[in-house]
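Asks: Questions regarding the structure given below will be posed in turn.
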Amino acid sequence: MKMLLVRKFRVLILMVFLVACTMHIMIDLLPRLERRGPEGRPGCSCPPPAAAAPPRAAPRWPSKHTLRILQDFSAEPASNLSSQSREAAAERAAGGGGGGAGGAGAAAGRTRRLIGPGAPRPPSPAAAAAAPLAALFEHPLYRAALPPLADGDLLFNVNSDIRFNPRAAEQPEWQNEDHHEEFLPTGETSIDSYPNWLKFHIGINRYELYSRHNPAIEALLQDLVSQKITSVAMKSGGTQLKLIMTFQNYGQALFKPMKQTREQETPPDFFYFSDYERHNAEIAAFHLDRQVERICIKRKGEILILDFRRVPPVAGRLVNMTREIRDVTRDKKLWRTFFISPANNICFYGECSYYCSTEHALCGKPDQIEGSLAAFLPDLSLAKRKTWRNPWRRSYHKRKKAEWEVDPDYCEEVKQTPPYDSGTRILDIMDMTVFDFLMGNMDRHHYETFEKFGNETFIIHLDNGRGFGKYSHDELSILVPLNQCCRIRKSTYLRLQLLAKEEYKLSLLMKESLLKDKIAPILYQPHLEAMDRRLRIVLKAVSDCIEKDGYDNVVENDFNTDVDTVTTER
């Protein structure tokens, strides 16, 4: 009898162990399965039952198909060619396709047109009178045409014989040569078949991320707020939680959720490196970049390039945390952090260095949360970028100071150090300084450039989330580079003078531009007023430099004789 009880007890323990293992495996598999119920299924706060994984594989980027569309035939060591793009180029050259080796040899002599019209639209007096923003864009400083670009000035050379095919993007084994329907039908151009994120990537060149008159940018902003989200994952290596979202059209964007309300300021006891990253600051930085970005006039032979952009497109979006994040993520670590708050709101916190805990959870109302979506730049396997340390980088230490904070002659050392000892990079830093001061952004520790273009290119401004933190305080230390170097482009100076005029008031222009965003209003009114105040401080700093060193030693004339007659007067 005793032996029988022992055997039954052992069997019971084994059964409990097997049940526990089965439940553990099911829980682990839940985040990996896509749960797609019939239309109209009522949502619930608990995870839905596990469903069979869809037969098709998750889309991968970059795929062989997109590598064939975005080609770089440069043979320079700094080229952004990947092994896959070389293979695709070789296949196309063997098949006699356009843009092969012969095309590469003639690249320097050819010119290429960007997507969209190359010249601004004709003046519209009615539109100019309707709103300050329209009037600003009618000003001569904003109406310079973009000339044709040589192939060497384009980030990508496009294979115009191939149109974008979603089947090829999601299935790497799909062979273009075996499916004639992928090639251009009669009456359709290749550009028309590309999704807007791909059009944005194709438009990048040596001088700008996008042109003012590229219609794909407005369409891309609309995609960011309307495209179906098919996958979500946490961005690794960040100090604060950011999500990578993939859309139905295979585009990707970086999502920063709301952490502060519009009227909240950065707590006075916070260090700049522990400040929140604000979603509305990313949106406002994109719009500010479009309004106050300098006119870049860069000599290359007889070519002058005007009015480039440095911040990738960003738009605000209201996201359903249940349907558009939790139910589509395959990130097990992210999925496990979802919970229901005492107020019956859906919350999650993810994993990161700062503010990723139950105490700092992101909660919806009940499951809706707003955030910013920044369009991705081309994948690094297609277009390598170089990261540069900002010479005026802060110490990121509670007690130590950086060298520039204690050495008033620090700029002289910088100007003797490559790449700041030649070219226009030091002037680019001054533009970046003005841009950050208007936002109150103290967190510009690095900046990036496209490696293909070497040092003769523009600075990309990423991660602007720590701007617009304090409207009641102007951080004058951000202006130290301008005060120490006393250098600024004439085009930048004229643009700032224009925006200080009452009819082109910066705060009014920003307010009008930001109203286009889906989650407007973006900025609290005192933040808009603070930009006007800071603009006057910048102009006063330049005026003091001119008084000390003389106009010609401070203001760098980047205009030719034809453009030099442009003034801020209408």
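Every residue gets a Cβ built from N, Cα and C, even glycine.
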Asks: With TrEMBL as the source, identify the stretch among 38-61, 254-277, 542-565 annotated region 'Disordered'.
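Replies: It is 38-61 that TrEMBL annotates as region 'Disordered'.
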Asks: Taking Glu277, Asp443, Asp463 as the recorded positions to compare, which has the smallest set of other Cβ atoms within 10 Å?
Replies: Asp443
Asks: Quick one: pull the CA-CA distance for Ala375 (ATP binding site) versus Asp443 (active site), whole Å only.
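Replies: Given the Cα positions, Ala375 (ATP binding site) is 21 Å from Asp443 (active site).
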Asks: Using Cβ-Cβ distances, find the residues under 8 Å from Gln240 (ATP binding site) that belong to the same chain and are at least 6 apart in sequence, listing them in sequence order.
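Replies: Non-local contacts for Gln240 (ATP binding site): Lys259, Tyr276, Glu277, Cys352, Ser353, Tyr354, Tyr355, Cys356.
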Asks: How does the model score the domain 'FAM20 C-terminal' (338-555) in terms of mean pLDDT?
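Replies: That region's mean pLDDT is 95.
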Asks: Quick one: give me the count of other CB atoms within 10 A of the CB of Leu377 (ATP binding site).
Replies: 20
